[in-house]
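Visitor: My questions will all concern the structure given below.
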């Protein structure tokens, strides 16, 4: 569940960035053609996870033998390892498990979507359904929800609801036995004709055919209409939700850019690797690209894969390996007619970053200069890629302690990127951080402070909470405050 956990004077239409990342992961998973071996790999993984649990090992064997004999909804609602594993992975954004269980996410979503089409075909707008859900919520999460009354709340996971008010309310009451939880009784107003997330009644489809359950696919967004105590109980609350197509505009703009940057015509696994790099899951991205490299039959298909492996190695601080991958990519791009000069610029950009990290500044400036020249020739002067090139040159000058040229390059980048990127874009945060760093190295701590603050604020909006960049930027902010 994602809510705005910022101060009450912040925009109530903000959502946690985990919503955007899991949404993009889902979109990519829905494009991948999974094979039988993906099911086998998942089963082997589950056997390792539950090696000492005889009950679940029996369930895993049943899952292996009878997976295709039942619908995905039936499996999702059965009392076994699948439901808790899936929703825990989505809630915690456990990318490794999300990918392993990706075949089932796709199957379950498709199953719900088919039922939605059958059940709500020709449904007239304005006719509202009310559905219910009872659950426990930690006190800290409840406090966050109270702050966002009138704002947005999103469910990253598959969402089980009921048409039966009493059963759901009873479920909320039962959670009160845990003194650490607040009982929440959600009452959800739904207009099926306006829903952007498929959902369906699963009576007769789930393992428990007599339950009046309605199951939503991932990424339902609601507006919090009201929060009120039930019978004056200070630990039991009714939360009235209205389904909405509204979204967090900053995150939606960032998501649109990420979709564009992951190349809409690229193969699903390749796109998945790009998103994992952005999320900081480098080892998992590397595994994907190494598999894709083995599967590639044409040299032209290998060029972008080598380029991404170069990026990964650079982020892992293995710059010499990075340069080797970049050079392989560049060689293929230059030989493939007609040469795609923008792709060539992209590779030179990576080479420049690697040489900068190796402290070979002359080669870094040369590579970034070539990338900038190509981009200025082929793109608008206000294109974000031109801004990125100015930023990269600034980083080299900063390393050289040429702070005048560094700030000049950064300000050229800032002029472009502030106009073109969402305020929640981590690339903009990276630029703020670079400017702050330059002022810090100059001893101008009061000038560094606001840029570090902007960098951290952007990262908190746009990066997963465990991303290493966020941790580093917070440390820099603490250091500059100590200097003042």
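Glycine residues also receive a Cβ, built from the backbone N, Cα and C atoms like all the rest.
Just so you know, TrEMBL annotations are computer predictions that nobody has curated.
Note that this is a predicted model, so its numbers are computed, not measured.
The annotation repeat 'TPR' is assigned in TrEMBL to 266-299, 303-336, 345-378, 387-420, 429-462.
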Visitor: Report the DSSP secondary-structure composition of the repeat 'TPR' (266-299) as helix, strand and coil residue counts.
Guide: 27 helix, 0 strand, 7 coil
Visitor: Over the span of the repeat 'TPR' (266-299), how high is the average pLDDT in this prediction?
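Guide: Looking only at the repeat 'TPR' (266-299), pLDDT averages out to 91.
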Visitor: Sequence-remote contacts (6 or more beyond its ends) of the repeat 'TPR' (387-420), Cβ cut-off under 8 Å?
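Guide: For the repeat 'TPR' (387-420), the sequence-distant neighbours (Cβ-Cβ under 8 Å, at least 6 residues beyond its ends) are 345, 349, 352-353, 356, 359, 361, 364-365, 368-369, 371-372, 375, 381, 427-428, 430-431, 434-435, 437-438, 441-442.
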